[in-house]
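Here the structure comes first, spelled out in structure tokens, and everything after it is commentary.
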Amino acid sequence: MIKEVIVVEGRDDITAVKRAVDAEMIAVGGFGINSKVIKKIREAQKRQGVIVLTDPDYAGEKIRKYICNRVKGVKHAYISQEEGTKEDDIGVENAAPEAIIRALNLAKCEVKQERKEFDMNDMIFFKLTANEESKERREKLGMALGIGYCNTNQFIKRLNNFGITKEEFIKAIKDLDKGNE
């Protein structure tokens, strides 16, 4: 049983997560999220902690940000777009139990103090921007670090806000490069 309450978008997501783990869950109802649901999430966060696991698309990211702006200290779990896509449908409900377990094991909590550990120079040096393969490298690295896929500026923010260390980052880069050999 997972200690934290897992927050997902809908009932189909709950079904998929239940196939992977035993946990208490809250479905926000997509963009229908309201103050009652936010109150439930706040109470769960105080009581046992919360992990947000939304779809790997624009709408999922908007819902994640909405929750994060209203409930402090939640952890974030991410599945890749590849893991969440079945035919032309994208969502947590399409992810295999193994992908959901991996995402939950890598769940990260945002740190309070602002860090400047990573910047654009790191992105350029490690070919995470301004390179033909940068999008794919960011996606693979984001999954390995448990911070999900996003554009370069958001990637820098997540590296800093989720407390990723240079050591973790370098190890993940080396593993990524070994896998590409």
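The backbone N, Cα and C atoms fix where each Cβ goes, and this holds for glycine too.
The annotation domain 'Toprim' is assigned in Swiss-Prot to 3-86.
All protein chains shown were included, and the count of other CB atoms within 10 Å of the CB of Asp55 (Mg(2+) 1 binding site) stands at 25. The Mg(2+) 1 binding site annotation in Swiss-Prot covers Glu9, Asp55.
Per Swiss-Prot, the feature Mg(2+) 2 binding site maps to Asp55, Asp57; the stated evidence is sequence analysis. In this structure, Asp55 (Mg(2+) 1 binding site) belongs to neither helix nor strand by DSSP; it is coil.
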Residues near Glu9 (Mg(2+) 1 binding site) in space but at least six apart in sequence (CB under 8 A) = Ala27, Val28, Gly29, Gly30, Thr54, Asp55, Gly60, Ile63, Gly91, Val92
